[in-house]
Each structure stands twice: as C-alpha cells, then as structure tokens.
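TrEMBL has this to say about the protein:
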| type | residues | note |
| --- | --- | --- |
| REGION | 39-65 | region 'Disordered' |
| COMPBIAS | 52-64 | compositional bias 'Acidic residues' |
| TRANSMEM | 74-92 | transmembrane segment |
| BINDING | Gly80, Val83, Asn87, Asn345, Leu476, Ser480 | Na(+) binding site |
| TRANSMEM | 104-125 | transmembrane segment |
| TRANSMEM | 146-173 | transmembrane segment |
| TRANSMEM | 228-248 | transmembrane segment |
| TRANSMEM | 257-278 | transmembrane segment |
| TRANSMEM | 306-327 | transmembrane segment |
| TRANSMEM | 339-360 | transmembrane segment |
| TRANSMEM | 464-489 | transmembrane segment |
| TRANSMEM | 501-519 | transmembrane segment |
| TRANSMEM | 539-556 | transmembrane segment |
| TRANSMEM | 577-600 | transmembrane segment |
| TRANSMEM | 620-645 | transmembrane segment |
| REGION | 669-719 | region 'Disordered' |
Amino acid sequence: MPKNSKAVKRELDDDVTESVRDLLSNEDACDDSFKKSSLIVDNPEGEGKECDVEEGASDGEEEERPAWNSKLQYILAQVGFSVGLGNVWRFPYLCQKNGGGAYLVPYLILLVLIGIPLFFLELAVGQRIRRGSIGVWNYISPRLGGIGFASCVVCFFVALYYNVIISWSLFYFSQSFQQPLPWHECPLVKNKTSTYVVPECEKSSATTYYWYREALDISNNISEGGGLNWKMTVCLLAAWSMVCLAMIKGIQSSGKVMYFSSLFPYVVLICFLVRALLLKGSIDGIRHMFTPKLEIMLEAKVWREAATQVFFALGLGFGGVIAFSSYNKRDNNCHFDAVLVSFINFFTSVLATLVVFAVLGFKANIMNSKCVALNTNKIVALLGSSIEPSLIPHHINLTQVSQVTAEDYHQMIQIIKGVKEDEYPKLGLDSCSIEDELNQAVQGTGLAFIAFTEAMTHFPASPFWSVMFFLMLINLGLGSMFGTIEGILTPLIDTFKVRKEFLTVGCCVLAFSIGLLFVQRSGNYFVTMFDDYSATLPLLIVVVLENVAIAWFYGIDKFFEDLKDMLGFTPYRFYYYMWKYITPILLLLLLCASFIQLTMTPPSYSAWIQEEAVEKTLHFPPWGIAVCISLVVMAMMPVPVVFCLRYFNIIDENTSGLSTVSYKKGRVIKESPRPEDDDDASLIHGKTPSEAPSPMPGKSIYRKQSGGGGGTEVDTAPNGRYGIGYLMADMPDMPESDL
C-alpha cells in the first residue's frame, strides 16, 4: 500500500478497511470524484490484473463498458437482429405450406412456450453478468463454459453464408436502375442467318434464367467448382466492408446504423402492401393465405416446423441477444423487452406474409391470364377437328382471344370435358387455376430472386420498386449480421481483452477469405449445405444447454432472486415452470425430431441443370457428406472439450473465468466462484439474500496471510483469489443480493 496515502484508516474487528482513495491513490483519475478507477486484482502467480471500474454518481454501474445511447437504439438493435430475411421468405412459405392462417395458431402457442421464455432468459443473463456468451456461461457453470465458444463458432458459420445472401441482394440492387429491368425478358442470340431466344431461358423463364445464369452463373453440381464469379466476389467484398465499417466502433457505430437498417424495412413493407393491394388479384393471394386448413394442424410436422421457426426467428443461441443486452443498465426491464421484441417479430412476419401473398396473388393472375390466352389458342386450333364449334357457348367470341376471360375459359373447359370425357386428356388443355398458381410453394432465394422479381416486372415503375425491395433485403440482412458479428466479437473481446477495431477487421477479412468458397460457380450449393447443417442441430443443442445450465446447474430459485434484485419485481411464476420443466422438454423433443429428420433424409441439394433448364435434387458426394458432418461436429466440439478440460482439472475452474466486479453506492466486492462452490457458481456467491453474509469489514472481506517467501503479507479475497474489496465507511449493512 502506498505510504503517502491521504485516506483515513479505520480499524474494526482487528482488520483494516481502507478507503477507495487510499487503495487507488496511485491513480490520477481517482482524484476526479472517482469518475473512473482502476482496480488491481492479483492472480495466484502474483501478477497484477487491471480491471477498469466506472463509478457513476447515482447508479454506479459496473466496469467501464460501452452503453447504448438510448433505450430506443437498443430495442432497434434487438429488433434488427431478430427480424431478418427469414421473416420475408421463410415465414410466408411455412404459412402457405402448413394450413394458411391456421399455421398462426401453433406458431403463437410455441412463441409463448418456447420463444419468449428463452428470449427473456438470454436477455437477463447478458444484462446481469454484462459479458458476452463466453463470459456468461463460464460464470454460470465453468464446466459448461464451452456453450459460449460453441455459440461463437455457429455465429461464424452463419455469418459466412448469410453475408453472401446480402451480396446477392447488392448485385440485384445495382442492376435495378435500368428500364426495363434486365430480367424482364429473355435475351436474344443473333447469328448470320437468324435471331433466336437463348434455349435455357426459353425452357424456363426470364427471371429464372437471370438468377441462375447471369447472377450466379451456376454449375451443374457441387463437384464442379468452375472458378470465382467475379461479379459476386466484388459484391461480397462490398458486403463485408459495410459490416466492418458499421461494427468497427462497436455499438457506438452499429447502434447509429440501426436507426436506418431496422426502420427502413418497415417503410418498404408498408409501401409494398399499399401498392400490392391496388393491383388486380392481390385479394386472391391474401384470401388464399388466410383460408385455414384446420385438419393440417393435427400433423406433428407442422408443430415441429413452427417451433423451429420461432427458435430461429428470435436469434436464440447465437449469442447476439446476450451481447446486445450486456450493454444495458442493470435495472433495465428486460422482461418488457423480451415480450415487446418477440411480438414485434411476430407482427413483422405477418406483415411480410401479407405483402408476399398480395404480390403473389397479382403474379398468379398475370400467369393465369397468360395460361388462358395460350389454351384458348389451342381450342381455336382444334375447332373443326377434335372440338366441334357447337361446344363453344355463343357469348364467347373466339376471334378475339384477348377478350376471353378466365370465367369464359373455365366454362368452355367444363363443357368440352363433359362431352369428350375419354378424349379430353389427349387435347392437352390446362386447367388454368389461380389456386394452382398460388399452391406452387416458393421459399428462400426462389421467392426473393425469382418469384418476386418476376412480379415486379409487371409493376408500373418497376425499377423503383425493385430498388426499394432489394434495399430492404440488404437492410434486413445487415441488421441480422450486426447481431451475429456482435455475438462473435463481444465474447472474444471480454475474454481476451483485444482491441475491438483490430478484432473486427481481422474477423471480417478472415470471413471474406473463407467466403470466396460461396462465390464460385458452385457456391450456391455450399450456401445450402451451411444453411442446413451448420446451424440447426448445434443451435438447438446450445439452447438446451443454456436452459439446463440456468434451471438445474445454477438453480432456478437463485436465478429468480437475481431477477428480483435486478428488475425490482418478481417475474411471473409462469417462467419458473417454463424454464424448469416445460421449455427443456419441448426443446428436447424438437432436438430429437430435427435429428431424426436429418438422419432419415439423405443429405441433398437442388441443382440447376443447364442443358435441361430444370432443378433436380441431387445427393451430396461422399466428401460433401463428410463436410456436413464436420460442420455439426466442429460447432459442438467446444462443449465436450471444455467440460473434459475442467472435469479433469487440466484447466483450473477458478482461474479460467473472467473475474467481474459489482458494486452499489460505493461498495465493491469481487464476484468470482469460490473454490468450495460446485459448478453451479452463483452470480452472488451461490446464496440467496437470506443466506448471504454481509460484506462488512472483517474476516469476510480480508484475511491476513503470511506468505512462505520472505514473510510477505498479502490480502486475499474470500474465494481464495488475491484481490481487494472496499467499503465506504458510512455504508449500512446490505445483503449481497443487492449488489
């Protein structure tokens, strides 16, 4: 202790408690009303570990840590992370596939039983411990510390291919400033004698051809690499540059970007909805979407897919939710945040579904009109040979094919089918039903880059709507990317204390380098592989372990006490039973169902065959299956590795986790797991308020130990790790849970 100390020392129970100014008298910053102090924690090796502690005049927040500029900025960040591309192209597809409006019932039920409780849990642990995923789960249970590392690995895998989708959107965005749009019609090939349509485009459609040939220049299978697609490589570089620049200053930079990236998609969705509702046929699409097929709700597959969508829609298990909430104040009402963000996410999905089905209804009417015109011409050609003119109703004028309506065509078809029942299949006439068009379920890239782009070619001022649509996709993708990258950076910075700027640039450069795999000609197939296998099972396992770690290792009763101290009220008992029993059981059932589905379905992908201009389902080659398995194993490897290292004491549990410092109104004590504590290390020394001793000066704060070497005396903290604690002289007794 410095000899020139200015503080007054007070003796109580033969132990000495020193004032803050005395303990930190060698720090110049301490003289300025203790705005920032530096706490030296000695480790067993005798080396000083410096921890910055920020002491405000009122709250006295924990260590110096960035904070959100406002609650709105934080909510927008969480909404931007949870609301992503899946809300636009996955949720509408599941609605269409699983009973229309009836699908909303199981989705809402599972949102309440799985989504909100788990979202609340992640928000609470991040806000309470104020660390990223690695620090949080090291602190909750050191042997389960691998959960945080597994989250980081999964985040990295997802970021690799998710940013490729943003690069696709950037490419389409850059091509949208043309009239007509470049995917409006098939390109023509001219030679010396004739001009003809490109065969691949003629066999498919203009938008399909543009997507597979002009944008991706895709190969016939995953084994044909085909070299880099330079256009997509440039777009991928631009996408990673945007992410890097937005994240380089942490939440101080990404938080400001959120005002635009989180709000702009809602502006576009509302504009699209208004525009689509004014188009012919949009009501047909919305009616189709909300027509419930109640019988399909009895299928287990519908509930499994609804649970999976709830799970991924909120971004559970990635670590992004924990990272964002770790920058909150301790007394922030994270329960309100969990409910608010969850329902914003749900209503965004419903809004996006309305837009998608309104546009698809318009597209279905366009395609149906083309079908009617084509088949009416067939009927005209067959008149007098296979079809008698007397079968055509008198009010239908076949001399003007363009005037024949869908109702007229269906009337002709019914008459012809009734008279020529046996010969009808040979006539080759299509039914031309709007319902059939709407039942052609499209999801993912097929919905965004084929179906939607085709519909927009029929919009008045189509380039404007195309620019708005792809700008919306870019913003939705970036919002999710910010949360995903934060789920990587925050835990690593908290753990290894590296400069955020260097780590951000290094992470983005590494990800771009690996991401070149996805911009070769076969890259789309690798995106499918990573999407199917790098996230689903690992994230489910991560969230199961998170729930079990809190409910059974740490203790649900202690967690409720922490929540009460943090929020100022006791959460509903509903969460107690959810976290302890219902949610873990549902998650295990979902995990088993997903595992069974993956094992029973051979790993496969949809390949585009250029010569036939069709999609075919192909199985992954043996090396592809090995990569799929490796992705799952690599993502989950940290969990058993960390468990074994700590179980066999290869890594000391007491020195592996980061120490954290908590204080209130001038009181600081170290919160680290005690050697005698089990793995369920408490955030507050594993004791409820009634059991927790008061950290008054005395043997509970300091013990004088005589070291064996040279008789040097050191002060040791109650957990056996060298450190200091201090108490303002005028502080009354206070239970530890109040910290």
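Positions of Cβ are set from backbone N, Cα and C atoms, glycine also.
Remember, TrEMBL labels are computer predictions, not curated facts.
Using a 10 Å Cβ-Cβ cutoff, Val83 (Na(+) binding site) registers 27 neighbours. Contact check: the transmembrane segment (339-360) against the transmembrane segment (257-278) gives at least three Cβ pairs closer than 8 Å, residues 6 or more apart, which meets the contact criterion. Compared over the binding-site residues Asn87, Asn345, Ser480, the count of CB atoms lying within 10 A of a residue's CB peaks at Ser480. Within the chain carrying the transmembrane segment (257-278), a Cβ under 8 angstroms from the stretch's Cβ atoms is held by residues 73, 76-77, 79-80, 83, 246, 348, 351-352, 354-355, 358-359, 361-362, 459, 465, 468-469, 471-472, 475-476, 478-479, 482, all 6 or more beyond its ends. Cβ atoms within 8 Å of the centroid of the Cβ atoms of Gly80, Val83, Asn87, Asn345, Leu476, Ser480 (the Na(+) site) belong to the same-chain residues Val79, Phe81, Ser82, Gly84, Leu85, Gly86, Ser262, Pro265, Thr348, Gly479, site residues excluded.
Counting Cβ pairs under 8 Å that are 6 or more residues apart, the transmembrane segment (577-600) and the transmembrane segment (74-92) reach fewer than 3 and are not in contact. Shown in sequence order, Met258, Ser261, Ser262, Leu478, Gly479, Ser480, Phe482, Gly483 are the residues of the chain, 6+ apart in sequence, with a C-beta less than 8 angstroms from the C-beta of Gly80 (Na(+) binding site). All protein chains shown were included, and the count of other CB atoms within 10 Å of the CB of Leu476 (Na(+) binding site) stands at 29. If one looks beyond the transmembrane segment (306-327) by at least 6 residues along the same chain, the residues whose Cβ comes under 8 Å of a Cβ in the stretch are 65-68, 74, 77-78, 81-82, 84, 86-87, 90-91, 94, 98, 103, 106-107, 110-111, 114-115, 118-119, 122-127, 129-133, 136, 148, 151-152, 154-155, 158, 251, 334, 337, 341-342, 345, 349, 480, 483-484, 486-491, 535-536, 539-540, 542-543, 546, 586, 590, 594. Of the ranges 104-125, 146-173, 228-248, 464-489, 620-645, the one with the most Cβ pairs under 8 Å to the transmembrane segment (501-519) is 228-248. In terms of C-beta pairs under 8 Å, the stretch of 74-92, 146-173, 620-645 lying closest in packing to the transmembrane segment (464-489) is 146-173. Long-range contacts of the transmembrane segment (620-645) within the same chain, counting only residues at least 6 positions beyond its ends with a Cβ under 8 Å from a Cβ of the stretch, are 143-147, 149-150, 153-154, 157, 222-223, 529-530, 532-535, 537-538, 541, 545, 603-605, 651. Sequence-distant contacts of the transmembrane segment (146-173), counting only residues of its own chain at least 6 positions beyond either end whose CB sits under 8 Å from a CB of the stretch, comprise 85, 132-138, 215, 231-232, 235-236, 238-240, 243, 317-320, 445, 448-449, 453, 466-467, 470-471, 473-474, 477-478, 480-481, 484-485, 487-488, 491-492, 511, 514-515, 518-519, 523, 526-527, 530-531, 534-535, 538-539, 541-542, 545-546, 549, 631, 634-643.
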